[in-house]
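In Swiss-Prot this protein carries:
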type: BINDING; residues: Gly108, Thr109, Asn110, Gly111, Lys112, Thr113, Ser114; note: ATP binding site
type: MOD_RES; residues: Lys217; note: N6-carboxylysine
type: BINDING; residues: Arg378, Asp402, Asn403, Pro404, Arg405, Gly453, Glu457; note: meso-2,6-diaminopimelate binding site
type: MOTIF; residues: 402-405; note: motif 'Meso-diaminopimelate recognition motif'
Amino acid sequence: MPMSLNQLFPQAERDLLIRELTLDSRGVRPGDLFLAVPGGRQDGRAHIADALAKGAAAVAYEAEGAGELPPSDAPLIAVKGLAAQLSAVAGRFYGEPSRGLDLIGVTGTNGKTSVSQLVAQALDLLGERCGIVGTLGTGFYGALESGRHTTPDPLAVQATLATLKQAGARAVAMEVSSHGLDQGRVAALGFDIAVFTNLSRDHLDYHGSMEAYAAAKAKLFAWPGLRCRVINLDDDFGRRLAGEEQDSELITYSLTDSSAFLYCREARFGDAGIEAALVTPHGEGLLRSPLLGRFNLSNLLAAVGALLGLGYPLGDILRTLPQLQGPVGRMQRLGGGDKPLVVVDYAHTPDALEKVLEALRPHAAARLLCLFGCGGDRDAGKRPLMAAIAERLADEVLVTDDNPRTEASAAIIADIRKGFAAADKVTFLPSRGEAIAHLIASAAVDDVVLLAGKGHEDYQEIDGVRHPFSDIEQAERALAAWEVPHA
């Protein structure tokens, strides 16, 4: 819906109607407001002339360090600190969509996708239609449209919330990345619930240190107007976060600390999933779930905490849990029965790989086999760490390519190799498709095979090109072929 330019930027010398907002000059159409900000790869101000040529009605640009501007009849508005204001500007344009929603923000190194999808499924079952914004895309559970970033840009976030609200959402479960918090992509949103899963090494190529990474995550828990914080006490940083005084309600959860608001005892992990006694100030209840692994029990507690924070009764929440499924590519089960059990998981950090391998060990009647690689152009420090973890926790390890991006596959594998104490016992096979086929073909019926790193991804990025590739499809093909040699 068009909006007056002066409603967005009162300092504009001339008022006119704005049809849409855009940060990308390539997508400008007549009547749009082009927002020109410096970015990591491109400076939007270098594309002002292009935006004007395509019919931009006006341009707002970052004033600091701006060079000479092209001549224009359209208003050109200089704004100091424009990037930090984008979320608020977009909020005004799209009618402050977060204000009329129960907005649940989920942050942490691992578990964001699982927790947000568990919350969304549970709310749907409880009668509150819930949208999703995150790594697997945006939309409603079972019908997500894929996106490139965990937390979209500030304009896309607000536009997405407006679209979801218009489509009937009364709540939205949003993955909130450290990048998104640090860059102000969610700055003007009205979060009701903030969930913290865990903090471990990741994104140090961007943040520079664990302290900076932690500080970015912590912003969500001091959010203005926040109703409830849901925090994992089994995490060192979580305990620190829970100890900080805030106005919002605090719900803590733990698998080990009986003083937590939500605490599990007598947890049992079997082929049917998870069963545990949930102890809370509201009383005890039986938690049942088809999900696999200890960390998924932690994810379930995070989801229960968010739902309690929204005011749902514990009994109603527990009744939804047996119906909740894990996301595609997150501890996803393939095969099993008269074939090896193959598990596809997105684990691409040392902490996530360790948790997945530990979670799968009780399910392996025989060997636990692990395939992994590391992404190119990303934190190289985690490569040897992941090697050491795989060597310690798996019976057999196969190292392959992940997304090499613009980095040489051989260089990535050489970094990984440094972490093995006995690299001669490890198989190195760069072609991921061949590696998956080889490992599954070598598995026995009682073995568990973990394919780690890519999860839901339907591509492999090599030399900047995304080629169609799916671990799930490759595994299904290998399992079908497994019948022949093992029949």
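Indices start at 1 and increase along the chain as displayed.
Each Cβ is built from the backbone N, Cα and C atoms, and glycine gets one as well.
Among the binding-site residues Asn110, Gly111, Ser114, the residue whose Cα lies closest in space to that of Arg378 (meso-2,6-diaminopimelate binding site) is Asn110. Across the fold, the C-alpha of Gly108 (ATP binding site) and the C-alpha of Arg405 (meso-2,6-diaminopimelate binding site) stand 25 Å from each other. Separation of the C-alpha atoms of Asp402 (meso-2,6-diaminopimelate binding site) and Lys112 (ATP binding site): 21 Å, rounded to the nearest whole number.
For the ATP site, the Cβ centre of Gly108, Thr109, Asn110, Gly111, Lys112, Thr113, Ser114 serves as reference, and the other residues of the chain with Cβ at most 8 Å from it are Val106, Val115, Glu175, Thr197, Asn198, Asn299. Pro404 (meso-2,6-diaminopimelate binding site) sits 24 Å from Lys112 (ATP binding site), taking the CA atoms of both as reference points. DSSP assigns Thr109 (ATP binding site) to coil, not to a helix or a strand. Summed and averaged per residue, pLDDT over the motif 'Meso-diaminopimelate recognition motif' (402-405) gives 98. Listed in sequence order, the residues His348, Gly373, Cys374, Gly375, Gly376, Asp401, Lys454, Gln460, Glu461 complete the 8 Å Cβ shell around the meso-2,6-diaminopimelate site centroid, once Arg378, Asp402, Asn403, Pro404, Arg405, Gly453, Glu457 themselves are left out. On a Cα basis, Gly111 (ATP binding site) lies 14 Å away from the residue listed as 'N6-carboxylysine'.
The Cβ of Arg405 has fewer other Cβ atoms within 10 Å than any other of the binding-site residues Lys112, Arg405. Looking only at Cα atoms, Asn110 (ATP binding site) sits nearest to Gly453 among the binding-site residues Asn403, Arg405, Gly453, Glu457. Around Lys217 (N6-carboxylysine), a 10 Å sphere centred on its CB holds 25 further CB atoms from the protein chains shown.
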